[in-house]
Structures are given as C-alpha cells and as structure tokens.
Amino acid sequence: MGENEDEKQAQASQVFENFVQATTCKGTLQAFNILTCLLDLDPLDHRNFYSQLKSKVNTWKAKALWHKLDKRGSHKEYKRGKACSNTKCLIVGGGPCGLRTAIELAYLGAKVVVVEKRDTFSRNNVLHLWPFTIHDLRGLGAKKFYGKFCAGSIDHISIRQLQLILFKVALMLGVEVHVNVEFVRVLEPPEDQENQKVGWRAEFLPADHALSDFEFDVIIGADGHRNTLEGFRRKEFRGKLAIAITANFINRNSTAEAKVEEISGVAFIFNQKFFQDLKEETGIDLENIVYYKDSTHYFVMTAKKQSLLDKGVILNDYIDTEMLLCSENVNQDNLLSYAREAADFATNYQLPSLDFAINHNGQPDVAMFDFTSMYASENAALMRERQAHQLLVALVGDSLLEPFWPMGTGCARGFLAAFDTAWMVKSWDQGTPPLEVLAERESLYRLLPQTTPENINKNFEQYTLDPATRYPNLNLHCVRPHQVKHLYITKEMDRFPLERWGSVRRSVSLSRRESDIRPNKLLTWCQQQTKGYQHVRVTDLTTSWRSGLALCAIIHSFRPELINFDSLNEDDAVENNQLAFDVAKREFGILPVTTGKEMASTQEPDKLSMVMYLSKFYELFRGTPLRPMDSWRKNYGENADFGLGKTFIQNNYLNLTLPRKRTPRVDTQTEENDMNKRRRQGFNHLEELPSFSSRSLGSSQEYAKESGSQNKVKHMANQLLAKFEENTRNPSVVKQDCRRVSGIGKPVLCSASRPPGTSCCPKLEESTPRLPPPLKRQFSSTVATGQVLRELNQVPASGECPSRPWRARAKSDLQLGGVENLATLPRTCQGALALSGVLRRLQQVEEKVLQKRAQNLANREFHTKNIKEKAAHLASMFGHGDLPQDKLLSKRVPHAHPPSPPSCLPSPHPAAASSPPAADSVSPARKVVALNHRLPPPLHLTVGKVSSGIGAAAEVLVNLYLNDHRPKTQATSPDLESPRKAFPLSLGGRDTCYFCKKRVYMIERLSAEGHFFHQECFRCSVCSATLRLAAYAFDCDEGKFYCKPHFVHCKTSSKQRKRRAELNQQREEEGTWQEQEAPRRDVPTESSCAVAAISTPEGSPPDEPISPKKPKSVPEPNPRDVEAEATSPRPSEWTSVRISPGEDTVRQDVLAVRVLVTSEDSSSDTESDYGSITAPCAGAYEERPQLPESPPLSKPLTRHISLRENLTQPVSLLHEEPQALPALQRAHSLQSPTPSKYQNWRRRFQSNSTPMNQRAPSPPKEPPPPPSLSSSSSLPSSFSSASVPGHTADDSSSPQVTYNLHSPQISRGDVSPTPIYLRRARAQGIVKEIPLYLPHSPMLESTEDCLVEPGRESLRSPEEISSSEGCQEARALGNTRSIQHPILGKDQYLPNQNLALGAAGNPGDPREESRMGQPGGPELSKERKLGLKKLVLTEEQKNKLLDWSDCTQEHKTGEQLSQESAENIRGGSLKPTCSSTLSQAVKEKLLSQKKALGGMRTPAVKAPQEREVPPPKSPLKLIANAILRSLLHNSEAGKKTSPKPESKTLPRGQPHARSFSLRKLGSSKDGDQQSPGRHMAKKASAFFSLASPTSKVAQASDLSLPNSILRSRSLPSRPSKMFFSTTPHSKVEDVPTLLEKVSLQDATHSPKTGASHISSLGLKDKSFESFLQECKQRKDIGDFFNSPKEEGPPGNRVPSLEKLVQPVGSTSMGQVAHPSSTGQDARKLEGGEGGSSLVSSLVLVSDPVAPVTEATSSPTSSSAEEEADSQLSLRIKEKILRRRRKLEKQSAKQEELKRLHKAQAIQRQLEEVEERQRTLAIQGVKLEKVLRGEAADSGTQDEAQLLQEWFKLVLEKNKLMRYESELLIMAQELELEDHQSRLEQKLRQKMLKDEGQKDENDLKEEQEIFEEMMQVIEQRNKLVDSLEEQRVKERTQDQHFENFVLSRGCQLSRT
C-alpha cells in the first residue's frame, strides 16, 4: 500500500510538472484534468480545491510555488479566502486582465467562472510590462511556469505566455475556466419569483452549455470588446488614420539572433531621420516601430496608408477603414514582403533569417489592423436591480480603457483595473451601499488613465488589493454618491450609443472662461475697448475695421506699449492693418485671417473672417479690467515686473501703468494719499522726481502763467475746459496720446502728431499722481525742463514721448530725413508750435467728459504748483529742440539758433540712445542711410535749463507732424514700423489655398508666411509630411514649405554659385572701400584692434548709437558709400534661412521652424516674431537681420553683471560719463537672474565653424552708433577691416560669408549654435552660403567686454573678437541663411541691449582720451586690443591648443599668445604690441592684480616657449579639449607634465592663494550681484535633477575623480551659464590663455586642488574623503570612473543632470578651489553659491570602466598575503562595477522607454487634435456656406443663431491650436532629452576604451560628442527657462483674472 502511495505521489508530481510546463491552452487543461482525477480533487469545490491540491503535491518545485501563492493569499484584505465567500462572479474573456481579475476574486473566496470562446492561446504579440507588473507576476510564481520570464533586463512577455501563466494560477486557485464557450447576453431574473427565485443568468453559445443555469451576482467584461455588456457609454478618441502591422518571425535562438538588440521603440518625434532613411531605401513609410525578442521575433509598426498603397499592400483606397483593411483589399504576399523589409532595415539586416511564425490558423503570423479610434468607457461599473436581485456589472482591460499600443500601458493599467474591480466586489459583498461602491469605483477609474510607472507607489512589496497601497494621494471620495445615481439602474436596460469625444485637455483658464456670447456681444465689447480713440467708430464687424485703426486701438487698449496709436495715419489702411496683424501674431499668437493689402482693397471686410479674428482678442482679453496703478501693483507686487509677457518693458513703464478708469474720482484727499504712497514706493529702477512728481503743465496754462492766484487758475481751467470740449469733435485731430505716469506723475513729452496749426498743447490733467483717469487714452501732454531732461536720462531713447512705443519711432524719425522734409521743416515747426493753433485746436475737444476732468485737474494742480514754473517749462520745451518759435513763445524765449534737421536716430545722449526699431527688410534701412548722409549732425541748442535731450524731443514733435499729416511719405517704409512681412503681390487671396488653389473657408484656413491654405495641404515639398504651424521651413524664392529635416534642400546649387560670386564681389568692394576710408579715422594706428572695436566717426553726432561690431575704420557713410552698395549684393538678395517660432505669443509655438530665403522681390520677409521685447531697445531687434540661432535665449536681462561691475569699480570709466549713469543705474536695478547666460552662447556659436579668414564686412547700412564706454580711443586702422589679407581659403569648398554691418542692435550673445539637424546637414556635405549678419551690440562692448581678469592681458571669451566672428556656426552649413532655433521664440533677441547704451561714449572726445590715462582705462584698452586679436589664430595655433596630446609643451603667457594672435592678424609678421603698448605702470598694476587673484595662473603658465601649431579648431572645441585633456592626464603628454605621478598624497601648496582670492571675489561687496547666478544655478540644478535622462544608479561613480578633472572645474566651459558673472572685478581672460593656465596644469602644481575640487562638487556625504587616496593613484581615465560602489556616498545612486551638466554657478571661479580639503567648507560654498561644475559632468558621463589597472594597496607592501588581498579586493570591485554597470544599463533603458512612451502619447495627442480640427473644419465649412448664402437652405435659418454656432466653433478651434502648440513644446523637450541621453551613453562607451589604445580619431570623437552634448544641455536649459517663464506668466494672468472676478463679487468654480 505504501508503494502504491509513493507511486501515486510520483505520478502526481510528474503530472503536476507536466501541468506547470504545458505550453498550450489545451495541453494545460488536459494536464489539469489528469491531475485532478489522479488526486481525486473536485474542481467545483472552489473553497477547498487549492488547499487540497497543495497538500497532495509536495515536491520541492511545487512547494516553492505554494510558498509564493500563500504569501500573496496572506494579505489581510482576503480574510483567508472568506471576504467574498458568498459571491458568484462571471468573467467574460480569458485574456490576461480577465484571468488576473479571476485570481483576485478567487483569493477573496468568490466562486469565479471564466468563459473563453477559444481553446488556443496563439497571440504571439508582446506586451510591455511595468515594474510593478513584473513584481506582481513574480509573486504569482511566473518564473516557475516560464523560466525566461523577465530574465535580466527583459521587461516584456508575449500575450500567449502571460495567458498561460495566469491560466495555470487561476486553475490552481479553484477558478472554473470554460473554453469554446461564447457569451451572448445577460438574462434578467424572471418576473415570477414566487415559484422560482432565479437570479441573473447569461445566455451562451452553445445554448445547452451547463453554464446556462449558472446564476451570478457579479459579471465582469474582459473580452476586449466594446459592447459586450450593455449600459456603458463610450468616448471615442480619434486620431488620424493609423494602420498597425504586427509580424512574428521564428526565433531559432541562435547566437547571431541573440546579438541583435531589441528596439523598445522608435518614435517619429525625435527619430525622423531613421524613418526617412527607411523610406528612401525601401519605400516603406512608418510612424513608429518596435522590436521585441521573445519566443518569436516580434515586430509591430504603424504604417502610413500611402506607403501601403504604393507598395501594393492595399489594393484600393477607400475612405471607410473597414473596407480599406478587409481581406479582399489586402495583398497578403505584399504585406509579408512589407513587414519583412521593415524588420530587416530596423535590425540593420542582422537577423540571419526572417521566416514567419505560424498562427493558430496555420498562416504566417502577420496581421494588419486599424487603431485610428480608441475608446474608453465613461464609467467603470454600474449596478442593475431586477426583481430584488442586484447585479454588479464591471469592465476591465481593453473593454474599459483601450490602450494606445506604442505606450505599453495596456497590461499594467489592465491589472490595476482588475485590482480595483476586485476591491469593489469586496466592498459590495461586505454590505457597503451600492451608490458608495460605485462612487468609490469611479473615483479610482478617474485615476487610471493618468497612471504611469512614475506616479504610482514604488514600494511594490506593499501592494495589496487596497488601492491606497497603489495610488499615492488617493482620494476615494472625489466622486460623490449622488453623482453616480444614473449608474444604479432599476428600469429597462438602456442602450447607449457611442459618443465621440475629443481628448484635448481643458485648462482651468479655458474652462472657466468659456464663452457663450453672441456676435452682438462681441461688437459691444469691441465698442467698449475702442471708445475714446480718434477716428475709431465701431458700428459693425465689417466696414468699421477697414482702416485698421480699430484693430490697433483694441491692441493698444490692452497693451499700449505695442502700438503707438498716435503715429498711425488713418489714410494708410494697408499699413495699419498689417501692423495690427503682425503685432497680434507676434505678441498674442493670433494668426491673421487676411493681409493688410486685402483688407484695405475691399470695401467691406468679410464678416465671418472678422468675427473669427476678433473672437480671438475677445477670448484673450475678456475679463481683463482696465488696470489702474494700484491694482497693477497689488496684483503683481510692489516691485512689479512690468515686463510680464514676452515684451520685457524695462523702462517703458509709462505705457503699462496708465490710469484707465473712465469715472473720475473727486476725493482729493484720497488721491493725494495715493499720490504720496506711490511716490514713496516709486519704481526701484527709476529716480524719484519730486520736483514734478505731481506737476502737470499745459500749453494753455502756460498762456496764463502770469497769474499766480488760484482763482485765476480755476478761471483758466474752466476756460481751457470749454476749449477742450469742442476740440475732440474735430475728426482731423489725431488722438492725443501724451500721458503722464500713473502713480508717479512724471510729465512726458507729447507724442501726438498734429496739423500745421497744432501745437503740443496738453490738457489740464494731473496735479496729483492719482488723477481721475482720462477718457481712454486721451491724455494731456506734460512738459518740463530739467525734469524732462531727467526723464530722458532715465528712459533710453526718450527723445520723444516715452509713452510712445519705441518701435514706432523708426517710421517717424526716418520720414523726417527726406529732402522735402528738410525744405519744409521751418514752416512745419512754426505751424506746429503756433499758440494760436493751439487755441484753435483746444476748441475742438469733446465736451462732457473732459469738463469734469479738467475742473478736477485744474483745482488740484494750481493749488499746489507755481504758474511761472509751469510757464518756464512750456516755454523752454517749445523754445528748444531746433523748432523755430514765434508768437507768444518767441517773445518769452528767444530762439537764437536756426532749426537743425534731426538726426536719423535721435536720442538725448549715448546713455539713452536707442536704435530705431528695425524692420526685417534691409532695403528701407538703406534708404535711411542715404538720407542720413545728407543730414548734418543736429545742433544741440540750449534754452534755459534744457539740455540737448530736449532738442531731440522737440524734433520728435516735428517728426510726428510730418508722419501723420503727410499723405504718404516715400522716405520710409512700413517695415520700419513693425517687423512684418510685406507679402509678394503674386500671392493668392485669402480664400484660395496656396497649395491646391481651391477654395479655403475661414474655419479651415491656416496661414503662414502670408499664404493661406487648408490644413491637409500644408505638407513638406520633399517628403509630403504633414507640417504644423509650429514647425516648418519656408523658401521665399521658391515659395515652398519644408519639414525640418528637409529644409536644407531649400536652395539649388546654381543659386549658391550665383550668390558666392556676388559675395566675392561685395567683399572685394568692401575691402577697397575700407582701405580708402581708413585714413579718415582719427585713431592711433599702433593699437591692435579687430572689427569688434567701436568708435564714433568724426561726423557722427554723439547721440547716434555706434555698433560695437562695426570696423573701426568705417566712418560715417556718405553718398559715395551708398553708391558702392549698388554693386554689392543687396541684403534682400542674401538668402537667410530662418527657423523661428511661428505664432509664439506665450511660447506656444515654440517649435516653429520657418526658413525664410529672402529675395529681391520679397525684401521684407523676415516677419520677426520676436519684436517688442524690451520697449526701450525694441528697435535693437527690429532692424536686425536673422542670426544663426539654435535655441534662442530665454532670460531677458543677462548682461548687467558687467554693468554692475563697472559701477562698483573705483577706476571705472563710467565716472567720466555722467550721462551714462541713469542707464547704468537702471541696469543695476534690473539685475538678470541669469547674469552670464549668453556668454555661453557666444562661446557655443563658434563651435563648429571654419576660421574667420574668409569674411569681409559689407558696407554699413546706417551711421555708426555711439561707442561703448569700454571702447578704446586708440584703435588701429590697420585692423579695421574684417577681412584678413594674410588668410586665404578655398572658396569652392567653403563659401565666403559676408556680414551685414548695418544693424547696430544685434547682440552677439544672440548667436547660438546651429541645431542638430543643421550639423547633420553639414556632415552630409551640403554646402551652402550663409551671409551671416553681424550681431551689433553696444551692450556687448560697453559692458561685457569690461569683464577682464585683473591678471590677464587678453579677453576672456573668444567671441569678443570681431564682427566677422559673430556667426560661424551657421556658416558651416554653407547656405546663405541664418538659423534661428525654434525653442524660445522671440525672446531670443536679448531684451536688454539698451542697457549697454548707457555706457556709450564718444572715443573721439577728449574726455575719452583722458579716461584712457586713468587706472583701468589703459588696461581696458589693452584688454580690448588683445581680445580683439586673440581668436584670429592660425590653424596651427588653434590646433595646438586643441591637440589633446599637446600637454607636453610648456604653456605660454597670455602676452605671448596674444602676440601670436596679432601675428596671425597681420598675416604672419609678429609684432609684440601686447607688451610694447603697455606702460611700466600699467604692467605693475596688472601684476598686482594678478597677485590679487592669487594663483589663477600656475607656474607652468609662466614658462614661455615658442612652438609650431597645427590647423585651427573652434573655440568651443578648444574648451572641450581642455576639459577632456585635463581628464587624460595619464596619457603620454600628461605624464610629461606630471613630474610626480606616483605621489601618494594630495600635495599642498599654491592653490591656497588662488582659492582664497577667488572666494574673496565671490564674497566681496559685490557678492550680492551673484545671487541671480546662484538662483539660476539652483534652478538649473533642480531641472536637471528632475528631468535627467541619465542613469539613476551611477552617481556613486562620480566620486573617484582625478585631480585634474576636478581642477578643470575652473574652466569657463561653454555650458557654464554663470561663468562670466563670477568675478565682478575681474577682466575677461583670453580663452586660449585661460585654458593653457587652468586646464593644462598638473596636480603637482596645484597640490590641494584635487580635494577642494572634489569637495566643490557639492557631494553631501563626507564619505568621499575615504577614496581620495584611490583617486590620486589612478592613472587611467577609466580608473577615475571605477570607484567601487561602497566607496561612494551612501545612497548617492542617482547621477542626475545636476551633476552631469549643471552650469557653473555665478561664483564658479570662487568654487574652483577651496582651501579646505575636508570638503565641508566646499560643500557649504557650493550649497550657498550655486550648482556644481559642468566640467565635473564628464565624470558622470563616463561609464565606470573595467578593471582598475593599479592595485590600490600601498606599494611599500611586500607581503604576499597583502598582495593577494589586494587582488581579491580588485576582483570584488570589478564584480561590483559590473553589477553597477548592469543596473545603469537597465536604468538607462527604463529612461529610454519612458521617453518613448511620452513621445508616443504626444504623437497620438497631436493626431487626435488634428482629427478634431478636421472635424471642426467640416462643421465650420457647412456653417460658413449657410452664412454666406452659398447653401440651399441659407435663408431659412436665423443668422444670429448661426453666428453663435460659428463663434463657438471658432473658440474651439482656438483652444485646439493652443493645445497643439503646447504638445509641440513638450515634444521638443523630449527630443532634446533623448538626444542628450544617447550622446551620454555614446560618450560612456567611448571612454571605456583604454587610454593607451586611443588614437587621434578616438579622442576627436569623444571631443565632438562632448561638444554636442553640451549644446543639447544648453538647449534644454533654455527651453525649461522659457517654459518656466510661460508658467509664471500664466499663473500671474490667472491670478489677475481671479482678483478681478472676486472684486466683482463673483465666485470662481474651477472645472
């Protein structure tokens, strides 16, 4: 008997083993049935089955399985299987989710029945598993059933294997599984319950199945179908047509197959090149592809329909997807070929054979299906009750929420839903009320679509059935029971149709501001906004808008700084409309619906177009109150940032703080208090003007100034008021826009233009700052003498009304320059200033409103002010400014000087000089130059106390008159008014699609580059890929649009050759012209300066800004110079490729890539979207040509550090330039949070460029601006030309690059490296010409170039050399286009350039000469000379610096290096000007400054040695090389420079001094200036630590750092954002010299540097000291990354990007070396002063490499045991390192998958948005036809109702476009993150190679990878900053809106 028992036991064990190892569904069932028969078990006894089975099968394998299952079943929620012992459940579908639900219910003790209509598990398709899913399945014993389950780093499994695992577990737990049974429907309980109490049953096929009598309480749909269970309404998420192909190939598990890497996913968003290569090679066009290796080689891809048609896979094209993919319409053979080709290409043809696996039908396992639409149930569960029987109905799996397959969420979310459903069943079984059960389930279901691996709990061990263990921050009551009443169904079952939903998320601001207004409300709103504007009478939505003034008025009413309404000419409808369209597009992202020309050409604009266009304004500004000063400060803080939004208005505060309340306040006491309050608060960045803070001067008051009595004042006020009232009725009067500053009461100059009889006569308006607000924007003029001068000093370019937008000046200023203007100027002035004209105009002012205002104003004003004082102001104002006076004014103030024509660029003084706003066309600027040649310098007249600034202001008045009252001025162009595109006349109308030439209706219309088209027609001309408004390229010459990867095809080679010839000719002419003009310069010839020097020509007035990048030899252009332009290529002919943000109002379309290739017939097509950044310096961006940009710069104010340094330096030149102080004070007060952000870009843009030996500047297109303060007066004429005679280049291989010198406003900091795709294009050999435009920045020269290190004789940054060094990066592409990266929109134009103007001076002035003798003057001059030479290095010199193996040679001093640079400039003749030009005293000062820096220069630097150098590399490469060179100190060269490589202890010595001096600089009295840098560093640190794509487990390896690596922390590496703000008193170092000094030094020369640098990394753990000894002994670079795991700081396993790429903080130089080797002080320093070093990132970039080459034991040890222990220790460390490397690899893969899934989600969302837009377009077209009378039933419907529907459609479209732009921003950030991660991994692999085996190519590759990675890091940084700014702005706007609503007594309900 015992033997039989043993036999039976052995048999059972074998059968159980067969059951566990079964590989099919049938085999599993068969083995299970045999097992139950053998062991006499009853499967229907679900309560005892598992326990009995466990007791009878006790093999060791089975026991391991029982242990796991018991551990799961021990959870308290199951109550030992008794929680739901009375519940019967039916689960429809035996898929993974159905079986997982069954298992949970079985654990709860329920009776569970699963019906599956098939008896085979044949799905080879692979599921991606989340970490918690893997953990959960392992807990169920998955590894016992399938040994390969998630082995290693595998995170996927085939559906078939997963089903088998769960199937077996379910059977063992007592679940009944019935196969070949199909569920049909639920049967209700019969009505006759008396005879038989039958509950809920189901109908099955076959009908006679035993389950037909099974009664159940719970039914769960898990079959993946959408309508298996009735009662669930569904939402449809439709994208564009998506056709998926799955293919399974036989996996023979060969070695070759094992080597093929899986493809976790290739997303089209950031892998476009892969798909384009695939298409070019095979003709297969995919959107994504995934390859998983399981039991088969599984491929899944999304194919494009056109590709399938072209390849013959689909025979015929049908609109209906079902017909399209039906078997009759698919060629199976072509489908197999298609899948095989795609798989071959994706695996790089490495799979030896691709034989298809066979599916359950015996056919090749290839399938094609449609997932265009995805569905989700609105509810997860419902309750039915019939005849007192309740039925709980639930959904899980795909039936509940269909996944988007590329995201890999299906299985994980299905399991979560299974757990939630089981929890619901448990709650219901325990007696919880049904409504509460449903409410809790719905609360959980709302979380399900949002779950990701990141936002669920990470402690998987604690996961139970309780949702609180899985979801953090869980709210089980977010849905209340009363909200789910409709889910408790007691009546007949309802059938719910499918409901189509858009998946577009709705932001709070959108939903709460939902509009339901009708067009008549829109009209009313427009009337309210335009009320009070002259010539604006809005009576309808059509004709009232034709002149364009109404549109401009709406914009002006909300953003007055954007448009100067006074300068608009009512007759110029084209310009007015185009201005409004351009400003709205640029600032608000509102796309134009037509062009200015079309608008003016039609008698009545299209009503629907206007409704659509105006609705966008309504949606944007609705609810925005007219903001008085108090509310503004209340909402935005006392120190309000008035630059909220994209235009950072630093000084144009006048336009933002105007009182707008229309109801005057009479409470004088309150107003006085408000005035005092505001006067106390003031503006932090402006001086108080107490003398006229409450004074207002009117011309008519001046007329009565003799009267001092208050009664007479009142009388005059009344008399004046009566005249005012009549004045406004005259339609010919241009609206007065002179206004005072609310809250400060500063008078401003009148900017309104008037007819000849008009004088600038302000109304009696303000006597206190808190005035009754005027009628909207009809403000009085306020004029003063000294106060006005002070105002001019404070507001740059305020030679005209500060309230007038800065960009509006170019038009008026330049119009004045014509010959006819000069002829009529005296008469104009007389007419404009005639007092009689004033009185006549005063009689035409509007009556009622102004009466109260004037009375109040007069009372307040004349109570407190002296009439004589006012009269003096008025007389002074109008008696000066080159304007002849007559009548009363001439009597009072004699005008002794003849009128002088104003300068083309009027500004009161260099500090306030602001260049005129530039248009994007260059041709108007040429006209300006020509006019300026004929204008003599303005005579600066003085009358009384008024300085020359008033003269410029008075000139503005004449300009305004000429502009506004001359019908059309030919001397100017509308392009100068605003950066807009004058579209070619050949364009089609707005109703014709640019591509298909068919009718395009309003709702479906998109516009770009002045073209209008259908959304579906907007495709790339090369690949026909769908384009988006936020990412495209456009060729103006060819009129074609391109996608990003194909924009390089924009120009043909013939055009390149033509332009090359033109540019060559131009360069020759320029060189000749410069040689001729050079002798005219009054500059010492011995100075060595390059093109970057700045100076003022003899004939140039001091108030004209001088471009810092103009050649010194360029004098003021004259007509002869202008003639030379005719022979040189016109700027409009230069091809400029622009990648710019499309409608990037709030950075929405940040990814816009528009490549404009300008031509002669489209001369103004740069249509800048970046304008109006900073009002005072907006002009600095208007006229600038497009620059090569990678990601534009996002932070507005960044160059103030140098200004602040100048202010604090006792030897600063600023003290000799009193006029510059106001601007400098403003700069000091408006400190940038990212002080030196742009210096990095100035380094970066030169990274991949050719030498500067092939450039020649074009003739300047306008007079040079005034020089910067730091410019030297002793600059040589011999180096004025940008062309270097001694250098030649191969023009055929590298075309010349010519720069346009006409724009003095361009900041060099704006130039950034080309995007990645640009470099790719360059790598492919695409050579095109790029006439790069010079960045001209007074800021750069006046402020930043002052940043010289006291111990250096050369500039610190290589970019400060010359104008020709400005844009090297884009030149590498070879096309005559400038590239602007799309990331940051218009903020790439630095909005702070005006600050530099404050430091401008006239070098020709004797004061400049005297300044040069002062301390600092010669030094600055010297530094300038050196800096201007230093990067004109020969190729040999540059290569020498970049040669990684060149560490053997001694380092030169900065002087010698500069001498060599000078030699290169001269073409080979060495002239040591550096040392010879400095006096002995200056040298001594420099020497003392060197000592003050204490060790900045190492001894090795001071050993001069001449040497030959190889060809050049870019400065960025130079920096990167130096960094890497410092890492490779164990190389041959490193050994030569390391006399004591065997040193076992960290040397001590000299760096003490350096550390101290650097820290002293950081902690000096100017240390507070570094706080913005620290802030930025922390911000970057936070970002990188959060968004790092790097490995999460490698941080410990960052601790074993070589001394030289850490020492290189002091490098001014390009990505270190805050580098230039580090030493406030330091001078800019020459980069080659700096690298020679800092990078190439050895640890023996800087004894303590290693420890201090390691400590400076900010490692928070003291354990780093324990492995310093090991660090110093390691020779191989690999050793430095081999720090064992236990040696790293505990828990420091996340090498975030903070360590990898964090920019050096604002005190990075101070952080370089700290005297303490303990690290505590250094950590404190790092924590307080910003992030860790960027250079240290290289440590983390490198993967820990293999074995440590040297034993770390003491070399003095001679014991064999010790050696053995050492070897053992090494082996252990190697093992640990291998383990760590494996973890890092897994982490990197997880990060990659995370990015992939995000990308797939974004891609899907974009498709859904596109589809939703298409649907809206269809509806809108139908509606539009009806409204236009084109439909048959047009006259039968109410127009008001139709317009209301139309309005709703328009609003919906606006939301969709906004959401689309947000998605594109996310996509761009994801692309950068992915690219960075790939580069990092690539660099890790490169650095694993032993140093001895590396050749030049290897080192070069490492260097290039490092450079590219640094560039990507910068781009991400800029993008994050941009997004942060946008978020801040949105939050502020929301808060402002909420405050407004709450102030109205309303309540906000967020939805």
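Placement of Cβ uses the backbone N, Cα and C atoms for every residue, glycine included.
Record note: Swiss-Prot gives Cys97, Glu116, Lys117, Arg118, Arg123, Asn124, Asn125, Tyr298, Asp398 as FAD-binding, and the candidate from Phe183, Phe237, Phe460 in that site is Phe183. Looking at 510-535, 1706-1731, the range annotated in Swiss-Prot as region 'Disordered' turns out to be 1706-1731.
For the ranges 739-759, 1348-1368, 1642-1662, the feature annotated in Swiss-Prot as region 'Disordered' maps to 1348-1368.
Secondary structure at His1046 (Zn(2+) 2 binding site), taken from DSSP and collapsed to helix, strand or coil, is helix. Summary of the Zn(2+) 2 site environment: with the site residues Cys1020, Cys1023, Cys1043, His1046 set aside, the chain residues having Cβ atoms within 8 Å of the Cβ mean position are Arg1019, Ser1021, Val1022, Ser1024, Ala1025, Leu1027, Tyr1042, Lys1044, Pro1045. Counting in whole angstrom, His1014 (Zn(2+) 1 binding site) lies 14 from Cys1020 (Zn(2+) 2 binding site) by their C-alpha atoms. Counting every protein chain shown, the number of other Cβ atoms lying within 10 Å of the Cβ of Cys1023 (Zn(2+) 2 binding site) is 18. Same-chain residues that are not part of Cys993, Cys996, His1014, Cys1017 yet have a Cβ within 8 Å of the Cβ center of the Zn(2+) 1 site turn out to be Tyr994, Phe995, Lys997, Lys998, Val1000, Phe1013, Glu1016, Phe1018. Neighbour count (other Cβ atoms within 10 Å of the Cβ, all protein chains): 12 for Cys996 (Zn(2+) 1 binding site). His1014 (Zn(2+) 1 binding site) carries a strand DSSP state (E or B).
Rounded to a whole number, the distance between the Cα atoms of Cys996 (Zn(2+) 1 binding site) and Cys1043 (Zn(2+) 2 binding site) is 18 Å. The Cβ of Cys1020 (Zn(2+) 2 binding site) has 20 other Cβ atoms within 10 Å, all protein chains considered. Cβ neighbour counts within 10 Å, taken over all protein chains shown, single out Cys1043 as the most crowded of the binding-site residues Cys993, Cys1017, Cys1043. Cβ neighbour count for His1014 (Zn(2+) 1 binding site) (all protein chains, 10 Å cutoff from its Cβ): 19. Note: the CA-CA distance between Cys1017 (Zn(2+) 1 binding site) and Cys1023 (Zn(2+) 2 binding site) rounds to 13 Å. Across the fold, the C-alpha of Cys1020 (Zn(2+) 2 binding site) and the C-alpha of Cys993 (Zn(2+) 1 binding site) stand 15 Å from each other.
Across the structure, Cys993 (Zn(2+) 1 binding site) and Cys1023 (Zn(2+) 2 binding site) place their CA atoms 20 angstrom apart. If you take the Cα of Cys1023 (Zn(2+) 2 binding site) and the Cα of Cys996 (Zn(2+) 1 binding site), they are about 17 angstrom apart, rounded to a whole number. Each residue contributes its Cα atom, and for Cys996 (Zn(2+) 1 binding site) and His1046 (Zn(2+) 2 binding site) those atoms are 21 Å apart.
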